[in-house]
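Beneath this line is the structure, given in structure tokens, with notes to follow.
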Amino acid sequence: MKILVAVKRVVDYAVKIRVKPDKTGVDTQNVKMSMNPFCEIALEEALRIKEAGFAKEVVAVSIGPSQCVDTLRTGLAMGADRAIHVEASSSFLPLSIAKILKSLADVENPGLIFLGKQAIDDDCNQTGQMVAALLGWPQATFASKVVLDKDKKFATVDREVDGGLETLSIDLPAVITTDLRLNQPRYATLPNIMKAKSKPIKKMTLEDLKVDIKSDIEIVEVTEPPKRKSGVIVSSVDELIDKLKNEAHVV
Amino acid sequence: MTRALLLRALTKKKKLVPPNAHRSISIITNLSRCISTLILAEHESGSIKPQTVSTVVAANQLGESSSVSLLLAGSGSSLQEAASQAASCHPSVSEVLVADSDRFEYPLAEPWAKLVDFVRQQRGDYSHILASSSSFGKNILPRVAALLDVSPVTDVVKILGPNEFIRPIYAGNALCRVRYTGPGPCVLTIRTTSFPVTPVTESKKATISQIDLSNFKEEFVSRSRYVGQSTQDTERPDLGSARVVVTGGRALKSVENFKLIENLAEKLGGAVGATRAAVDAGYVPNDLQVGQTGKIVAPELYMAFGVSGAIQHLAGIKDSKVIVAVNKDADAPIFQVADYGLVGDLFEVIPELLEKLPEKK
């Protein structure tokens, strides 16, 4: 079985972002970029499934500008066997990404597609569900545990839902999106980083995949959220209770 | 009096017509874009969830003359019970559609997404399809959108018009104003804390119709199966809608110490929340996590104990009315958003609060 993992290059999670003064977006020039944390978890899970003998090959895919190759190299250094870079100059809506992934899945025939549950830049939480819909495959979103059956016919997945955990059993091929607690992604070691340099990254274009890119959502403007007015530091519990009672009227 | 009302209604209508409406094309699109909303409702043991009512509130803001249909799927008597409650949950609900079948016993994305598409085809074109941004809505609605070949909008916090919305991006550190320009229905998930439900005195009962499922073909039925669920039994109010939320971070150090947070929440009649660090350390189950990837809360009072205030956590609490932070570290970023901060040891502060806070009536 082959596992396809979609990884996205995003502004590093620790960076404090700045909205551009012209309100067209968020400044991504000269900002540290990394692999989306949920994508790291997705890749780690795919690698563990391979190491457990359930998969032969893990293929990392990224869609975007040429710098996505760095993200893919990181994935290869973690242990992915090969990578596919779909080159695109602009960024796409999740629906278009899902269509690209669908057409890659048609070519690659994976038994599983792993994605993160959401990208920490657009916070959409859509792509995995949409790929599953387009392929007509079952989905398990927000996975915190994935167990494959030994014949690789189905997967039992624990999902993080409001109010607890839900367990599903889904037939393969399927799409799984990962939540934070699925695993602890490994660090790429120096020898693996060196090895990753010789692993293949296949370049593809949108023309190769014959995907019709749709943009039915227009970004009108991006603004800073309203700032909270600065608060006060109180010196004792009594003062705190007094403020909550008499100033804020919340207790 | 009535004249004044009529006049106001007329001027309001005028405002809705865009400036280029003299062109015949846009008049046609305007006419065909009469607002009718389908809401995928969430219900549990015979009653409709409060998140769904918030979604109805949001649907009302899409335009002046909108009709709102609630779609309830499930099976058996609890579904019918929920349907009758849904019919009177909000005066603006015009219709309740019920899909009663074993196939909808559990909220599996595959049959449910198909069902929404099925209902849309049967019941005429909805201009908007909504659900709350709960794990339920986020699981199903993007799948619906892909079946309809439209781009959905996640986590809408403000509605500016029938096709223009504001949603947070980058963990709430920026607000993105988007316009939906596609020809298909506009698919939205609603951040319910941004659309509070105000109590309504007017009571009205919407019509309830059963959906004829004889033509509903579902090829995924056997490909995705519900195995079970482990829910956290708790008598405290739901984290997403509680008036008070008391949260603990890593500084609590253990499951036993976390009881302090629970005691304080109990005293205040509030819900318990946790940071990712506290959840990862195993102090509390993960459905209590508050933040970008957990629950988004907007209570009247939010109290954070031993929480540093990472951006991912702040993303989930920013809209709280009053934020209180107690932390040993005076430089913790949480103090930058707190209305009241107290620099001190939570193991001393919480017991003192427990002792001195007034008894809840």
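Backbone N, Cα and C define each Cβ position, glycine as well.
TrEMBL lists B:37-224 with the feature domain 'Electron transfer flavoprotein alpha/beta-subunit N-terminal'. In the predicted model, residues of the domain 'Electron transfer flavoprotein alpha/beta-subunit N-terminal' (B:37-224) average a pLDDT of 93.
In this view, B:Arg250 (FAD binding site) is surrounded by 17 other Cβ atoms within 10 Å of its Cβ, with every protein chain counted. Taken from TrEMBL, the feature FAD binding site covers B:Arg250, B:275-276, B:289-293, B:306-313, B:Asn327.
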**Prompt:** For B:His313 (FAD binding site), what is the secondary structure state per DSSP, taken as helix, strand or coil?
**Reply:** helix
**Fill in**
Going by C-beta under 8 A and a gap of 6 or more residues, the same-chain neighbours of B:Val307 (FAD binding site) are B:Thr247, B:Gly248, B:Gly249, B:Ala251, B:Thr275, B:His313, B:Ala325, B:Asn327, B:Ala332, B:Ile334
**Request:** Measure from each Cβ of the binding-site residues B:Arg250, B:Gln292, B:Val307, B:Ala310, B:His313 to the Cβ atoms of chain A, and list in sequence order the residues where some distance is under 8 Å, or 'none'.
**Result:** B:Gln292
**Request:** List nothing but the one residue from B:Gln289, B:Gln292 whose Cβ has the fewest other Cβ atoms within 10 Å; the candidates are the binding-site residues.
**Result:** B:Gln292
**Count of other CB atoms lying within 10 Å of the CB belonging to B:His313 (FAD binding site)** = 28
**Prompt:** Once near-sequence residues are set aside, which residues in the chain of B:Ala310 (FAD binding site), 6 or more away, have Cβ atoms under 8 Å from its Cβ?
**Reply:** B:Thr275, B:Arg276, B:Gly291, B:Pro333
**Request:** With H, G and I counted as helix, E and B as strand and the rest as coil, say where DSSP puts B:Gln289 (FAD binding site).
**Result:** strand
